[in-house]
Amino acid sequence: MADEYSNGCSEESCAGCAHAGSCESKKEDFRVPANKYSQIKKVIGVISGKGGVGKSLVTASLARMMREKGYTVGILDADITGPSIPKMYGVHETAKGSDEGMFPCIAKDETRIMSVNLLLEDEDTPVIWRGPVIAGVVTQFWTDVMWGDIDYLFVDMPPGTGDVPLTVFQSLPVDGVVIVTSPQDLVQMIVKKAYNMAKQMNIPVLGVVENYSYVKCPDCGKEIKVFGESHIDEIAAELNMPVLGKMPIDMKIAEAVDAEKFYEAENPYLQDIKL
Ligand SMILES: Nc1ncnc2c1ncn2[C@@H]1O[C@H](COP(=O)(O)OP(=O)(O)OP(=O)(O)O)[C@@H](O)[C@H]1O
């Protein structure tokens, strides 16, 4: 096997190879054009090495932060099998379409949202599709959705480093990613996997957010480290990326999600991030 193919590429095609973006030997461009009615200035991906760390919450918090600053924002919910963005914003309608493409649904704070749940007749129907089909739908959220003029499009990725993040990194012009994690031992390895994936695909890592860092005792104000001591500062220093925030478990945030009113939520634990 020739040297240039020794990192997992096949001679026929770079498609599906995690090294395709950075491979010196064969530079194929898999980018797909956005819908002709989309003018999107920045695409920010939100990723996590594992599930349930609060990635959707961070995606929506970043979107809220930019919305509060007066930017037009959209959220592309690429978490096809576990979509949570529409419900957080109280959006339950079915997305409409025309011959030219699909319209995103508009939340109360004017955030534009596209999610598989906005296309299903019954939002409780599970999506039981194979990886390539799921990745194809995510690509269509880019090519077929008429996003209009958007300053920041946030992409809520599914957890892990599978088909969908790979497709998004290869097909969309992602300007940077934010990694979300929690303070557990295992996390060090998991953060590095997410970080290394982004690096291999030549996507800048904007920083890391640690969620579930502590709970504040309502009586004495003491910070209780439910998941143990955080190592995020060391990991971030080692990888030379900033820590963008450490979020406690906060009932107010959970309530905003459960009340489906995230369009009024503020997340004081995230720094004023330059995106
Ligand atoms: N800091 C927090 N305080 C209170 N509730 C939180 C916090 N972070 C997340 N939650 C709640 O935990 C649940 C899981 O969060 P979220 O859906 O954002 O995780 P996720 O990483 O996107 O999950 P998945 O990996 O399944 O896509 C949600 O109900 C969310 O509201």
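Using the three backbone atoms N, Cα and C, a Cβ is placed for every residue, glycine included.
Note that TrEMBL annotation is computational and uncurated.
According to TrEMBL, the protein carries these features:
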| type | residues | note |
| --- | --- | --- |
| BINDING | GLY49, LYS50, GLY51, GLY52, VAL53, GLY54, LYS55, SER56 | ATP binding site |
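Ranking the binding-site residues GLY51, GLY52, GLY54 by the number of CB atoms within 10 A of their own CB puts GLY54 at the top.
Each of SER48, PRO159, VAL180, THR181, SER182, ASN211 belongs to the same chain as GLY49, LYS50, GLY51, GLY52, VAL53, GLY54, LYS55, SER56, is absent from that list, and has a C-beta within 8 angstroms of the C-beta centroid marking the ATP site. All protein chains included, SER56 (ATP binding site) registers 25 other Cβ atoms within 10 Å of its own Cβ. Within 10 Å of the C-beta atom of LYS50 (ATP binding site) sit 18 other C-beta atoms, taking all shown protein chains into account.
Proximity of the binding-site residues (GLY49, LYS50, SER56) to ligand 1: a Cβ under 6 Å from the molecule is found for SER56.
Sequence-distant neighbours of GLY49 (ATP binding site): residues of the same chain at least 6 apart with a C-beta under 8 Å from its C-beta are PRO159, GLY160, THR161, ILE179, THR181, VAL187, MET189, ILE190, VAL191, LYS193, ALA194.
In this structure, the binding-site residues VAL53, LYS55 were compared by how many other Cβ atoms lie within 10 Å of their Cβ, and the smallest count belongs to VAL53.
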